[in-house]
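Peer 1: Taken from Swiss-Prot, the feature Mg(2+) 1 binding site applies to GLU429, ASP502. Per Swiss-Prot, Mg(2+) 2 binding site is recorded for ASP502, ASP504, and the stated evidence type is sequence analysis. Residues annotated as domain 'Toprim' in Swiss-Prot: 423-537. The site 'Interaction with DNA' annotation in Swiss-Prot covers LYS454, ASN457.
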Amino acid sequence: MKKRQSQTPQEYTAEAIKAVSGLEHVRLRPAMYIGDIGERGLHHLIWEILDNAVDEAVAGYARNISVTIHRDNSVTVEDDGRGIPVDIHPETGKPAVEMVFTMLGAGGKFEKKVYTYSGGLHGVGASVVNALSEWLIVEVYRDGKIYRMAFKRGEVVEPLHVVGETKKRGTKVSFKPDPEIFETTEIKFDIVEKRVRELAYLNPEVKFELTDERLGKHLIYKFDRGIEELVKYLNEGKEPLFKDIIRIQGEKEGVIVDIAFQYVKDYKERIESFVNNIKTVEGGTHVTGFRSGLSKAVIRMAQGLKLAKELKKSFTGEDVREGLTAVVACKVPNPQFEGQTKTKLGNQNVKQIVESITYDFLTSYFEKKRDVLKAIVEKAIEAALAREAAKKAKELVRRKSPLEEGVLPGKLADCSETDPSKCEIFLVEGDSAGGSAKQARDRRYQAILPLRGKIINVEKARIDKVLSNDEIKAIVSALGCGIGEDLDLKKLRYHKIILMTDADVDGSHIRTLLLTFFYRFMPKLVEEGYVYIAEPPLYRVKKGKKEIYIKDDKEFEHFLLNEIREKGRLVDAREKEFKGEELVRLLIDLKDYEDAYRALVKSKGENLVNFLLTHRVREEDLRNPARVKEITHLMEEELGDYRVDTKYNELEGAYDIIFYDDKLGTKTIIDVNFLSSLSYREVLEGIHLHLPVQVFFENKKVEINSLGEIYDKFMDFARSGMEVQRYKGLGEMNPEQLWETTMNPKTRRLKKVKIEDAAEADRIFTILMGEQVEPRREFIEAYAKEVKHLDV
């Protein structure tokens, strides 16, 4: 790390912060700054703050980074770097930390003196996060003090001030995405976990912690071997061609190159690539350079050693890369990104640098490891022969006509429209659902292809074997665009390919097989957004003459809350009335309160939590020795089962209170982190209702004397008189219901399949469908308790 520190010699102070312009525009045009206001943009807020923490690690200062998703979907990111500067900026007269969070583009990334390898301008978005957050709190641990500052929708509400002393250093940023801006504010654990794990592979010197208070999950990532362990992870369940994971590292013209790769007994090339910790989904010059360097090294060494004598035609670079899994990670001083998603590296000099580092290393490596070279060459020869065989197989299949243009499978119920952009095809599981779908469809533009036979497990099959399967043959001939290298999107007969399967395990399995097939053999269809999954409803709800279809449990809860909004009210003991939106907000708060209280009890025990709440113990109490003494005395009096001790925590500048339960042999610690947690603060503030309360719904009335019963009672009232049907499969619906819920473009829901995470999907498919039993068993055991319906 000393080497990296020497590349960032300038002091990180207020003068290192450069300001470009003000913040006015961000809330009006958020998509200009974060891409969109949907799920992607929402998570982009986390990446902006996380990237700042990682830049501190890359510069050689941070060793620990933690991300916490709180129960209200707010997020905290903390690092132990230098801490954002708090001194007054010479030009603006404001603290530097205030500039970072209130002035667009104020940051230390414009001048490479402070950060040599930041992700372009990714790290300067703290002000954008602030502008798009309902609230944001920043704490800086620097020079032995804890500095705190708070904002609301980008405006300062709590100026920078000192709240305590500490031996810690670093920055802690907590923020809650603004529901006035975003379509959804639900943070997805899987999305955050994937990014944090990715960063942990790329930064082996840093320990990452991820906590989700909603799910009770806590994960720690520290990968000492870095991207070698990512290669191992991607190859889980696959059989390696040779044991070694080959590692190439080098530096030239300020570009740092780090590559790890291994071959497996498979037919696909997988390359994951990164520049300055940013995933380059579309690859770029660094990937081109690696491919070229690898292919040249293998082909030239094979020719020199006459390893491919039996091959009439020479093998190609593509043959060399069959079965390759590689991770290419580069650090580039001034990266230029291009492509649709701005995730393709365009710097031309990087191609030559990566190619020469790769070629030089491998020629030397293969000299010493002839057995590894021989294994790669034999696999490339096999790939070249298979390529020729596949070509012949496709020609043979075409001659036999099922894939010939214009010849359609007999079971296809086609549509009359000939413009592909207006046509859609439903791939429907089973005969019964297929029959209903044929009756339900709009024949003008909707085609139905029932799939009744066994779909081949394409995990281990090459294209010639895949094409011998009747169901696959029917799909390929119906779509009309060819398969594999021959796929021509201009010949595609339908621009919406919709997978329609049951929500049960069998349906999920068939959907998985179909998705695997598209990923492996027709990836362009997924890349261009032609593949969709139908989302039939889970419930049909009928009340009187009113009948509606509901997608899932969450939507059902929203539906019931809407009923309560219209028909319910609550009056507390002081005759304060709640109705409409105010009542719904109160019920959501009550549910959150109960969930938070249960989480606290699970963490620290009921007696202890009740004591802390009764005596209103707060974070600042632990910084006051007299108050700590008072609290411990009260504990000894009221909680006879515990032995109480205290210990001064120099890092936090506060006391820890430690409880020993000698009967159970357990130890519980109450510290400032627990008392400052969102869950504890939420429960401590409580719900301001005076009991008992009167609950009214339509003509019903009941008196309730417990906060915990109010939400459930309203839900029971809202459900009464409803006829609720839960669907298990498509076959349970008649044609009219199937049309209304799943096929009518005006009322249905479709989910577009994205290829963004093709490598992860590929990995899961391999574990679930590959030949190695042990990884599959481990995967199913790990997830069986967490999922009700296995889905992809």
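Cβ coordinates are placed from backbone N, Cα and C, and glycine is handled just like the others.
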Peer 1: By a simple count, how many Cβ atoms lie within 10 Å of the Cβ of ASP502 (Mg(2+) 1 binding site), its own Cβ left out?
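Peer 2: By my count, 20.
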Peer 1: Would you mind checking how many other C-beta atoms are within 10 angstroms of the C-beta on GLU429 (Mg(2+) 1 binding site)?
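Peer 2: Result for GLU429 (Mg(2+) 1 binding site): 25 neighbouring Cβ atoms inside 10 Å.
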Peer 1: Going by DSSP assignments with H, G and I as helix and E and B as strand, what are the residue counts for the domain 'Toprim' (423-537)?
Peer 2: 55 helix, 21 strand, 39 coil
